[in-house]
Amino acid sequence: MITVALIDDHLIVRSGFAQLLGLEPDLQVVAEFGSGREALAGLPGRGVQVCICDISMPDISGLELLSQLPKGMATIVLSVHDSPALVEQALNAGARGFLSKRCSPDELIAAVHTVATGGCYLTPDIAVKLAAGRQDPLTKRERQVAEKLAQGMAVKEIAAELGLSPKTVHVHRANLLEKLGVSNDVELAHRMFDGW
């Protein structure tokens with residue numbers, strides 16, 4: 001029997017996953033948590049083999065939580081975003097699998113079985129994005145905008161310097177945040193200085 005814990009701040013997501021996993025004869029959901037803090041308090045001693053964790057939670061992000069979970073637990077990260085940079089961040093932080101919240105039930109079940117037996121799991125579409133993203137996830141213009149944002153320039157200043165409209169710079173900024181898996185300009189600057 002593979003024991004599973006679910007960590008997601010949305011009750012309906014946890015309930016749906018618990019019902020789905022409960023249909024499998026060799027899977028048992030033994031714990032559900034609505035926040036990272038609840039999980040840190042409740043996971044030790046539960047004998048959980050696989051943890052399915054939302055990446056975006058209000059108190060502690062799934063990425064931050066990965067380093068604090070009990071050792072020996074295989075973790076699958078869930079996200080509505082599946083940019084190559086975000087997938088890499090999750091894998092580098094210790095995740096054994098990464099699934100989009102749009103994944104099929106079969107993919108979720110396959111991921112649990114795979115990580116429980118020591119493997120790593122990515123859906124084929126995420127694996128393709130990850131491989132393509134390793135080449136260079138940013139366009140030339142996105143890289144220019146990223147450099148200016150990292151220098152602390154305002155959107156209007158960047159637009160004037162690059163001969164773009166402020167709206168276009170905002171679009172490039174939004175694309176950068178998604179591609180790099182960051183949520184603001186400060187995190188973007190850190191990623192720039194870390195070499196992506």
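Yeah, the Cβs are placed from backbone N, Cα and C, and that goes for glycine too.
Of all ranges given (35-54, 55-74, 155-174, 175-194), Swiss-Prot attaches the label DNA-binding region to 155-174. Secondary structure at D54 (4-aspartylphosphate), as computed by DSSP, is strand.
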